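Trainee: Okay, these came from Swiss-Prot:
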type	residues	note
SIGNAL	1-21	signal peptide
DOMAIN	79-392	domain 'Peptidase A1'
ACT_SITE	D97	active site
DISULFID	C110-C117	disulfide bond
DISULFID	C274-C278	disulfide bond
ACT_SITE	D283	active site
DISULFID	C316-C351	disulfide bond
Amino acid sequence: MLRSWEFVLLISCFLCFSSDALQRISLKKMPSIRETLQEMGMKVADVLPSLKHRISYLDEGLHNKTASTILTNFRDTQYYGEISIGTPAQIFKVVFDTGSSNLWVPSRQCSPLYSACVSHNRYDSSESSTYKPKGTKITLTYAQGYIKGFFSQDIVRVADIPIIQFFTEAIALPSIPFIFARFDGVLGMGYPKQAIGGVIPVFDNIMSEKVLSENVFSVYYSRHSESNTGGEIILGGSDPSHYTGDFHYVSTSREGYWHVDLKGVSIENKIVLCHDGCTATIDTGTSFISGPASSISVLMETIGATLSDGDYVIDCKKINLLPDITFHLGDMTYSLSSSTYVLKFSDETECTVAFMAVDIPPPLGPLWLLGATFIKQYYIEFDRQNNRIGFATSF
């Protein structure tokens, strides 16, 4: 039960904006973990040797207290937004992740022995007048370590929308890879089915407050690499100034997940993969595009890329000669040019191809993950109201 003054606080906050207004979250662009390692003269495989050939998902174990969480690019994203937790507000940089459904941030109770904790903003429950303990322990297990913590309840503000939210205070963070991360925590934008511990996800709590004109959110990533203004997430709709033409919608293919049918992957108008269909998810929590190891191997061989220290690379002089790679989603095709899917770091002569092999076992996989490399080219609308994803060409 809310105390009376907490209720008044929430009501007064809700009166600050119209229920049909778009609620905006500014995204900032940061170096990804991969880019941070590059700046330090290190490669991913130097830090995480198991990535040298491919990454394999752990078997899912979605039960109440412990679950295996997909590693992919170890939340190797470049985009974060700010939220606040508590009263007065404590500010956190979080990744808005469509591949998960829980909110976690480092806790003040995290031991100084975990250097990844002390290098980030930490939630201090003793400084919040609206904090309520829950205490249920939770472990999120990664391929290279784990996050341990416990559930707490407090007022979380996202785009100035206040909600009462259960979240995880992380008290154990592995140094690898999180010490290299520029974000503090993760805010899952997935369905309740993915939520560990049976908590209600943040976006579901926002929807229940009836403050949005539509139960959708849209994601825009800026293409302008020279700016640290990374883009925007809009709750309740989309912004026509971010895209051209119309949205084309694809229904989700699996209940409770942002999965869609991928009808093919083609090069030069010839389908080379997924002839009989595959499954893909639009993953805002990762930078690269990933797929089954056997498929990625064929794709990279087709464009002439080779595997080196865990990454697919190609001679930088050949970038302009490479073909478009096209994804068939619904009745539309979505192409990526070589300047989009090939990355050049500093003055290196070998450039990194933004594809990687990730084998996800059944029942969740096999699965393609279309990360920031894809999202930068297409404005994406995630529609919970109709269980579909919309795609439009972004500016």
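Any Cβ shown, glycine's included, is placed from N, Cα and C.
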Trainee: Can you figure out which of C110, C117, C274, C316 (the disulfide-bonded residues) comes closest in space to D97 (active site), comparing Cα atoms?
Mentor: C117
Trainee: So for D97 (active site), how many other CB atoms are inside 10 Å of its CB?
Mentor: 21
Trainee: If you skip the near sequence neighbours and keep only those at least six away, which residues in the chain come within under 8 angstroms of C316 (disulfide bond), Cβ to Cβ?
Mentor: V342, K344, E348, T349, E350, C351
Trainee: Using a 10 Å cut-off, grab the number of neighbouring Cβ atoms around the Cβ of C278 (disulfide bond), all chains included.
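Mentor: Here the count is 21.
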Trainee: Over the span of the domain 'Peptidase A1' (79-392), how high is the average pLDDT in this prediction?
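Mentor: Mean pLDDT across the domain 'Peptidase A1' (79-392) comes out at 93.
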Trainee: Using C-alpha atoms, which one of the recorded positions C274, C278, D283 comes nearest to C110 (disulfide bond)?
Mentor: D283
Trainee: Do you know offhand how many angstrom separate D283 (active site) and C274 (disulfide bond) by C-alpha?
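Mentor: Answer for this pair: 19 Å between alpha carbons.
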Trainee: To the nearest whole angstrom, what is the C-alpha distance linking C278 (disulfide bond) and C117 (disulfide bond)?
Mentor: 38
Trainee: May I ask for the distance between C274 (disulfide bond) and C117 (disulfide bond), taken between their Cα atoms and rounded to an integer number of Å?
Mentor: 41
Trainee: Over all shown protein chains, what is the count of other CB atoms within 10 A of the CB belonging to C351 (disulfide bond)?
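Mentor: Neighbour count, Cβ to Cβ under the 10 Å cut-off: 22.
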Trainee: Quick check: in three-state DSSP terms, what is C274 (disulfide bond)?
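Mentor: The residue in question, C274 (disulfide bond), is coil (DSSP, three-state).
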Trainee: Validating a neighbour-count step here. Other CB atoms within 10 A of the CB of C274 (disulfide bond): how many?
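Mentor: There are 22 of them.
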Trainee: Which of the three DSSP-derived classes (helix, strand, coil) applies to C351 (disulfide bond)?
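Mentor: C351 (disulfide bond) sits in a strand per DSSP.
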